[in-house]
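Participant: According to Swiss-Prot:
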BINDING   LEU121, GLY125, HIS126, LEU127  (6S)-5,6,7,8-tetrahydrofolate binding site
SITE      HIS228  site 'Plays an important role in substrate specificity'
MOD_RES   LYS229  N6-(pyridoxal phosphate)lysine
Amino acid sequence: MFSKSVTLAQYDPDLAAAIAQEDQRQQDHVELIASENYVSCAVMDAQGSQLTNKYAEGYPGKRYYGGCEYVDIVEQLAIDRVKKLFGAQYANVQPHSGSQANQAVYASVLKPGDTILGMSLAHGGHLTHGASVNISGKLYNAVTYGLDENEVLDYAEVERLALEHKPKMIVAGASAYALQIDWAKFREIADKVGAYLFVDMAHYAGLVAGGEYPNPVPFCDFVTTTTHKTLRGPRGGVILCRDNTHEKALNSSIFPSLQGGPLMHVIAAKAVAFKEALQPEFKQYAKQVKINAAAMAEELVKRGLRIVSGRTESHVFLVDLQPMKITGKAAEAALGKAHITVNKNAIPNDPEKPFVTSGIRIGSAAMTTRGFNEADVRVLANLVADVLSNPEDEANLAKVREQVTALCNKYPVYGA
């Protein structure tokens, strides 16, 4: 029998110490990685619940195990809430990740060797959209589109490649593209060649939920998202459809094809996050995320930095560091010393290797969750620029770190 009175710190002090150190790091550092966010205590409570004990292969009302009557309620709550959130008729909340959700979409209607048309990883796409190092680029004949000379998504190229290659599926969505994507234009192109349209909105889902980014669901055959990032839930994935045409194929692609038992504790946490995103205050959050991203980009431009695509219309943007004569890798390290967390990121046509890069990616979701407003963000942007203009000066880094600490103390991640 397990005792509820035995704490992690008592049983495993080494692990507890590492967790405590990470907790302190999150408090003391400003998080600007676009794919990261903070979840509520309610989300963590659900994910840390005894639902982790329950195996539940199958779907609500149709399980391969007994004793699933209560986890059925949990999963159905998650399904109903996410359908309401995005106006979908179909939802599968079992994918363990966005990548597995994407794999399931491909497997539901494609055969190995079929042609897919997705955004180039080098221009801001995602590994799972046909990159040669990913299973999507190994199983399928992947053709890629990118940005035009103004660093705007090249819809003319998308149409030209679609007409030339006749893909069975067109993939839209990105992991490092700042501007809004025209889902209706993608639908028009897909219809011209009889292709399925699949949108991966993992980065934008929270903005979509908050009404600050166009909803792809009405235009697409398939939509996937992660449940973290801007949606502010646990790490996991979801598949959505505007109707139930592909329900059977998608369900079987997840189980039994790609996964076994679902992670019921994570699905419970997803349900909590979906409820949070349905609240009026989430709309204000999404609005502030966009305001903060735009303010930071604007302030960095004032300091002489170049923003890829010239601006942002979402939560994310790329900074081209080539004029600063510093690599993304070096910038990430220097900013880290100042307690500002970013990730190095390739820019379009980047001459550097993927582990070096010529840019960094900045996102506003996590700092907005903490409570940062536009004025705070402008201060922070100047601190970022201070580091990038003198990345090897330890006194400069210490001065910036002190100011970052003051900002972090003003906005604790978790209050009383």
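Glycine is no exception: its Cβ is also placed from the backbone N, Cα and C atoms.
For the listed features, I'd like the structural context: burial, neighbours, distances.
Facilitator: Within the same chain, residues at least 6 positions away in sequence whose Cβ sits under 8 Å from that of HIS126 ((6S)-5,6,7,8-tetrahydrofolate binding site) are MET119, GLY173, ALA174, SER175, ASP200, ALA202. The DSSP secondary structure for HIS126 ((6S)-5,6,7,8-tetrahydrofolate binding site) is coil.
Within 10 Å of the C-beta of HIS228 (site 'Plays an important role in substrate specificity') we count 26 further C-beta atoms, all protein chains included.
In the structure as shown, the Cβ atom of LYS229 (N6-(pyridoxal phosphate)lysine) sits within 10 Å of 28 other Cβ atoms.
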Participant: Sorry to bug you, but what's the C-alpha spacing from LEU127 ((6S)-5,6,7,8-tetrahydrofolate binding site) to HIS228 (site 'Plays an important role in substrate specificity'), rounded to the closest Å?
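Facilitator: Here the two Cα atoms lie 18 Å apart.
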Participant: Using C-alpha atoms only, work out the spacing between LYS229 (N6-(pyridoxal phosphate)lysine) and GLY125 ((6S)-5,6,7,8-tetrahydrofolate binding site) and round it to an integer in Å.
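Facilitator: That comes out at 16 Å between the alpha carbons.
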Participant: Using the recorded (6S)-5,6,7,8-tetrahydrofolate site (LEU121, GLY125, HIS126, LEU127) as reference, state which further residues of the same chain have their Cβ within 8 Å of the centre of those residues' Cβ atoms, listed in sequence order.
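Facilitator: Filtered neighbour residues, in order: GLY118, MET119, SER120, GLY124, THR128, HIS129, GLY130, ALA131, ASN134, ALA174, SER175.
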Participant: Tell me the Cβ neighbour count for LEU127 ((6S)-5,6,7,8-tetrahydrofolate binding site), meaning other Cβ atoms within 10 Å of its Cβ, over all protein chains shown.
Facilitator: 16
Participant: Return the residues near GLY125 ((6S)-5,6,7,8-tetrahydrofolate binding site) by Cβ distance under 8 Å, restricted to its own chain and a separation of at least 6 in sequence.
Facilitator: GLY118, MET119, ALA131, THR144, GLY173, ALA174, SER175
Participant: What count of other C-beta atoms do you get within 10 angstroms of the C-beta of LEU121 ((6S)-5,6,7,8-tetrahydrofolate binding site), across all chains shown?
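Facilitator: Its Cβ shell of radius 10 Å holds 24 other Cβ atoms.
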